[in-house]
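Below is one structure, written out as structure tokens, with a few remarks after it.
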Amino acid sequence: MVQEEKAMEAINDALRALRKRHLLEEGAHAPAISALSKPLISQGSEWKEKTEKLETELQQCYKAQSRLSEQLVIEVAESRTSKAILQEKELLINDLQKELTQRREDCTRLQEELEEKTKTVDVLIAENLEIRSQLEEMTSRVQKAETENKMLIDRWMLQKMQDAERLNEANDLYEEMLAKLKANGLETLARQQVDGIVRRNEDGTDHFVESTIPSTCANRIHAHEGGCGSIVFEYNSGTLFTGGQDRAVKMWDTNSGTLIKSLYGSLGNILDMAVTHDNKSVIAATSSNNLFVWDVSSGRVRHTLTGHTDKVCAVDVSKFSSRHVVSAAYDRTIKLWDLHKGYCTNTVLFTSNCNAICLSIDGLTVFSGHMDGNLRLWDIQTGKLLSEVAGHSSAVTSVSLSRNGNRILTSGRDNVHNVFDTRTLEICGTLRASGNRLASNWSRSCISPDDDYVAAGSADGSVHVWSLSKGNIVSILKEQTSPILCCSWSGIGKPLASADKNGYVCTWT
């Protein structure tokens, strides 16, 4: 705008200069015109006309010049605008050229990446084809193995049925011998006749004793400060071992209710106990992740079995050997221990925490009860799972084997007690009572030594006794007020012992 104003001002100055010059020239020639006008009066009118005509032409020239000046100003402005637009276009072209160069570089890079990805895809396709080939081969092998496994299972089931039939025949013979024994009192003759079938002779220390139905509290003992978590009798004896939260193991005479001795050295609460078949050692599973083995005669710790990484909640010892012990802990392992060597000889791994275990009569199979409610059977030598049964809807708290080894009792947090046939793993009895509620994940039930009764404690302090053959309650024992944690039956038929959460132990006859 400033430049346009300057241009208009310059044009106006030029017009004024021309008018001034015209006036000066007109004034300068006025005398000559006057002198000539005299002789030329005759031509005055002609010259006047020409003058007027020239003035008219001059005015037209001025007007044309003014229009040209205005047009010039417009053209100059348009030229400057076009120049600015041209500069903008040049800048835009430069930016577009740079962007084009960048896009070309990106295109080159993407092309290289595409080639690399294509090569990778080709390699993956080749690997996929190879894996598919391997998968087809493995599938074929699995199908073949499944077929062979099915055949082996069928053969094993057939063999199992045959073994069960033979065992049933032996049991029938055994029951017949027991009937004769009870009728005629020929105990010695009966034991010799059935020796090698179910029972061993007196040298093996197992013999038949008829159990009595407990009804009376013979002794009420304050055994431990805090809860008493485990009790166990010596084999074929009335001597009772108790273990509690005070980390002590105590030995009691159940006839008089007096303390025989105390065993110290445990670094944790006693959660479970077992006594060797020769009654020389007692083993305690503790919350300190260890097992402690005491020599009963000296009262000293013979072994400290280390290897578990969490609390050891269950332990059992071989029925025939005083050498082999199994334990279960919350590190989800079962360990086999050699007491002669004092260390672990085998470890079994599983996924659900184990609350209770027991060994079979031959010491080759471990029965374990787990938090998922299942009963599992393990080959202790190979560590392989032999079988699994869904026995309870909640955690299994106790696993007990009958004296003849044909039945196994499991108790669960669903307040149900199941009796399984160890040969077929079928439930042959289910025991429950409206007032019987288990107090903890380690509430222990037990079977009487003659395999006729089952005893289990309840959270209300009572102990329920069922007839195994009839499935009905034959006795309810009420003396304790705290939740019952465990029960144990003496191998000589009586007494039955129960321990509660306050550390009291009652013996029942």
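Just so you know, glycine gets a Cβ as well, placed from its N, Cα and C.
The following features are taken from Swiss-Prot:
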- 223-262: repeat 'WD 1' (REPEAT)
- 265-304: repeat 'WD 2' (REPEAT)
- 307-347: repeat 'WD 3' (REPEAT)
- 349-388: repeat 'WD 4' (REPEAT)
- 391-430: repeat 'WD 5' (REPEAT)
- 437-478: repeat 'WD 6' (REPEAT)
- 480-509: repeat 'WD 7' (REPEAT)
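Shown for the repeat 'WD 7' (480-509): DSSP residue counts in helix, strand and coil, namely 0 helix, 16 strand, 14 coil. Counting Cβ pairs closer than 8 Å to the repeat 'WD 4' (349-388), the top stretch among 223-262, 437-478, 480-509 is 437-478. Sequence-distant residue pairs (6 or more apart) of the repeat 'WD 7' (480-509) and the repeat 'WD 1' (223-262) include at least 3 whose Cβ atoms are under 8 Å, placing the two stretches in contact. Residues 205-207, 268-275, 277-279, 282, 284-286, 294, 296, 299, 442, 444, 485-492, 495, 497-505, 507 of the same chain, all 6+ positions outside the repeat 'WD 1' (223-262), place their C-beta atoms under 8 angstroms from a C-beta of that stretch. Taking DSSP states H, G and I as helix and E and B as strand, the repeat 'WD 5' (391-430) has 0 helix, 21 strand, 19 coil.
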